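S.K.: Annotations per Swiss-Prot:
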type	residues	note
BINDING	43-79	FAD binding site
BINDING	193-223	NADP(+) binding site
BINDING	418, 420, 453, 456	[2Fe-2S] cluster binding site
BINDING	635, 641, 675, 679	[4Fe-4S] cluster binding site
BINDING	679	siroheme binding site
């Protein structure tokens with residue numbers, strides 16, 4: 001009997017969490033297919049505000065990367081929307097005319113932002129704040145415009161406003177209520193929050209109702225019902241969300257505010273479940289992650305036939321993610337005749353605490369300025385703890401006063417530390433004592449604590465410190481390369497050298513990896529470190545590379561690939577152009593585009609056509625997919641330009657031919673400009689060369705991406721040979737001392753320009769670095785030609801393996 005077909009509609013946090021729970025209890029029961037409307041793998045939507053605020057990058061909020069889907073034999077269709085469920089024939093139909101049968105179906109369509117139905121809401125410059133696309137829109141706007149208006153002073157609106165402030169914009173927050181976050185805070189806490197955020201630079205317009213968004217093609221401002229107005233170049237709508245029930249309603253699945261489900265997350269149609277923000281349970285649709293994960297656990301067990309307690313609803317807690325502000329609320333914090341409040345207000349230090357009691361039970365809490373007791377109070381609310389024999393005011397006094405410096409020391413083992421993932425203090429202690437976890441990353445890998453919003457990370461570290469005592473290593477909390485080991489990057493590298501290790505599995509076995517198979521974070525890193533240390537003897541582990549590097553092409557959101565052949569220095573000829581044109585016609589490649597690195601990108605190549613395309617092109621790989629040298633961009637130079645002082649094309653071609661295929665911690669881009677006019681943009685490259693009278697200037701650590709950084713002047717040299725010598729030593733030193741996935745810009749800021757200069761100015765060290773560089777380059781093979789010669793591997797990779805699409 002074959003596996004049952006399980007289809008998940010929605011690639012977000014709730015739906016994929018349900019899949020994770022299913023895999024944990026019945027890994028081989030289902031053949032899983034996932035449809036996601038966005039072009040990305042599953043990511044942590046909660047942390048988009050951190051991306052906007054500049055605290056993290058998009059890549060860092062990915063929860064399950066492309067490799068996770070492949071490793072679990074999951075067929076992922078990104079950028080594809082299910083538009084109909086045929087409940088009679090048990091199939092789903094997508095906007096790409098794909099028909100997918102199912103035995104079990106999970107609807108996790110999430111929610112959609114509420115856009116005010118006012119004139120001008122469709123103008124350019126008006127956006128919601130729900131996904132990566134919205135975040136990119138705001139990041140792009142901040143580079144061109146200066147005045148932002150955020151409509152909505154709730155949790156999401158304030159996090160968006162803080163991010164826009166960090167991006168250098170003037171931010172006004174428009175809110176209909178008389179104080180901020182009125183659904184989570186009382187008036188006192190709301191006004192304290194307003195005062196704090198005003199100090200950070202925000203402007204607030206309270207009790208304002210937006211009547212119109214004004215402007216021609218693009219937004220220019222807001223007009224309010226009271227006749228006043230403000231200027232704005234960007235408007236962010238953060239006034240709420242509503243469950244996305246369109247698919248359910250149009251498919252005959254009963255809906256109300258959300259898709260109606262029972263206590264096991266089943267809809268009224270057999271074999272169809274709903275989970276997350278789209279689901280309505282006992283009249284409530286939840287929008288926070290903790291209840292959605294609780295739902296996912298119940299759904300998974302029920303679908304797999306495992307006895308489980310029903311889902312009976314959730315008590316909610318909220319924590320604002322804005323730097324420098326501590327805000328927490330939980331439960332029912334509004335006072336009434338039946339509910340009385342106890343409040344503590346330290347006006348001098350800006351600390352406000354309030355609990356709401358119904359009889360002898362805490363039913364709600366609000367904390368401002370000091371949220372350290374939030375988890376403890378939330379646990380008491382959830383458990384409906386009887387406090388009849390407790391001094392009421394003592395509940396608001398920090399337990400740390402009675403139990404040393406550790407808040408968590410006084411907590412019971414069943415108290416929840418990570419509300420998002422339902423991880424208790426006892427579960428964390430068990431992971432430390434029984435599984436040997438000794439860092440927050442390892443705790444995250446073992447238990448899931450701090451995996452979502454990250455707010456509980458200080459408490460997790462505190463439990464580690466209290467449990468391990470003198471064995472606790474604070475430095476290890478930040479330096480372990482992943483949760484599979486306690487070893488730092490430097491320790492791993494030293495162990496590989498000392499023990500002569502040559503394969504990723506050997507490293508994990510010998511160095512005592514806690515997860516035998518490793519993870520998608522450590523395996524590519526180990527593979528890189530092994531090749532960097534001993535390039536002539538190590539065994540490349542293709543399975544430890546990211547999917548683009550395994551396929552030697554970039555996967556696109558529709559499952560096709562892009563192919564970029566090498567064009568040294570951005571220079572081509574008629575023969576190569578004819579080859580490219582013939583390949584485009586022969587394989588019906590839908591898009592041909594010039595890249596920013598002066599190359600030609602063939603986009604939309606079918607997976608099975610990749611080897612044939614490479615063979616017909618008969619050109620070297622451009623490594624557009626790898627952690628390696630990408631391009632060397634050049635201007636036309638002194639041969640043709642009236643201002644050029646040097647032959648930039650010749651040097652660019654020499655650099656690219658020397659260093660092509662060089663594995664590096666992250667991608668490396670170079671450029672050579674023939675004069676200080678810098679037409680090749682040498683000043684924002686990892687290594688940039690600028691021609692001057694009588695020689696060259698070398699710039700390093702530049703970045704033209706999200707975190708724009710001008711390169712630093714490394715030195716001046718006179719000849720092309722010196723450029724190649726110093727470039728080789730610089731790149732080798734970067735290879736040997738950078739963390740895997742650390743760009744040269746971040747590495748240079750970490751180690752310091754003066755330190756790098758002192759290393760490269762030492763002739764002996766420079767010679768040694770170039771010697772190791774030349775050894776590495778001596779084993780380089782063009783991967784496309786290598787695959788064409790290795791028929792067996794090519795067949796396995798391009799014909800038999802299930803990949804994400």
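In case you wondered, yes, glycine gets a Cβ from its N, Cα and C as well.
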S.K.: Among the binding-site residues listed here, 43, 68, which has the most company in the form of other Cβ atoms within 10 Å of its Cβ?
M.R.: 43
S.K.: What is the separation, in Å, between the Cα atoms of residue 418 ([2Fe-2S] cluster binding site) and residue 213 (NADP(+) binding site)?
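M.R.: So the alpha carbons of residue 418 ([2Fe-2S] cluster binding site) and residue 213 (NADP(+) binding site) sit roughly 41 Å from each other.
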S.K.: Just how many other Cβ atoms lie inside 10 Å of the Cβ on residue 418 ([2Fe-2S] cluster binding site)?
M.R.: 29
S.K.: In the same chain, which residues outside the set 635, 641, 675, 679 have their CB within 8 A of the centroid of the CB atoms that define the [4Fe-4S] cluster site?
M.R.: 636, 637, 643, 644, 648, 673, 674, 677, 678, 680, 691
S.K.: About how far apart, in whole Å, are the alpha carbons (Cα) of residue 679 ([4Fe-4S] cluster binding site) and residue 213 (NADP(+) binding site)?
M.R.: 41
S.K.: Is it possible to get the count of other C-beta atoms within 10 angstroms of the C-beta of residue 635 ([4Fe-4S] cluster binding site)?
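M.R.: For residue 635 ([4Fe-4S] cluster binding site), the 10 Å Cβ neighbour count is 28.
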S.K.: List the same-chain residues at least 6 positions away in sequence whose Cβ sits under 8 Å from the Cβ of residue 641 ([4Fe-4S] cluster binding site), in sequence order, or say none.
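M.R.: Expected: 635, 674, 675, 679.
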S.K.: Closest to residue 53 (FAD binding site): which of the binding-site residues 209, 221, 420, going by Cα position?
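M.R.: Nearest listed residue in space: 420.
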S.K.: CA-CA, which of the binding-site residues 48, 58, 63, 68, 456 lies nearest residue 209 (NADP(+) binding site)?
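M.R.: Going through 48, 58, 63, 68, 456 one by one, the Cα closest to that of residue 209 (NADP(+) binding site) is 48.
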S.K.: Rank the binding-site residues 63, 197, 205, 456 by the number of other Cβ atoms within 10 Å of each Cβ and report the first-ranked residue.
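M.R.: Ranked by Cβ atoms within 10 Å, first place goes to 456.
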S.K.: Consider the binding-site residues 73, 193, 205, 213, 221 and say which one has the Cα lying nearest the Cα of residue 456 ([2Fe-2S] cluster binding site).
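M.R.: The answer is 193.
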S.K.: Rank the binding-site residues 201, 221 by the number of other Cβ atoms within 10 Å of each Cβ and report the first-ranked residue.
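M.R.: By the 10 Å Cβ neighbour count, 221 comes out on top.
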S.K.: Within a 10 Å radius around the Cβ, which one of these binding-site residues has the most neighbouring Cβ atoms: 73, 78, 209?
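M.R.: Counting every other Cβ within 10 Å of each candidate, the maximum falls on 78.
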S.K.: Helix, strand or coil for residue 641 ([4Fe-4S] cluster binding site)? Use DSSP.
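M.R.: For residue 641 ([4Fe-4S] cluster binding site) - judged by DSSP and reduced to three states - the answer is coil.
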S.K.: Give me the count of other Cβ atoms within 10 A of the Cβ belonging to residue 420 ([2Fe-2S] cluster binding site).
M.R.: 26
S.K.: By the DSSP assignment reduced to helix, strand and coil, which category contains residue 193 (NADP(+) binding site)?
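M.R.: Its secondary structure by DSSP: helix.
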S.K.: Between the binding-site residues 213, 679, where is the Cβ count within 10 Å the lowest?
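M.R.: Comparing Cβ neighbour counts within 10 Å for the binding-site residues 213, 679 gives 679.
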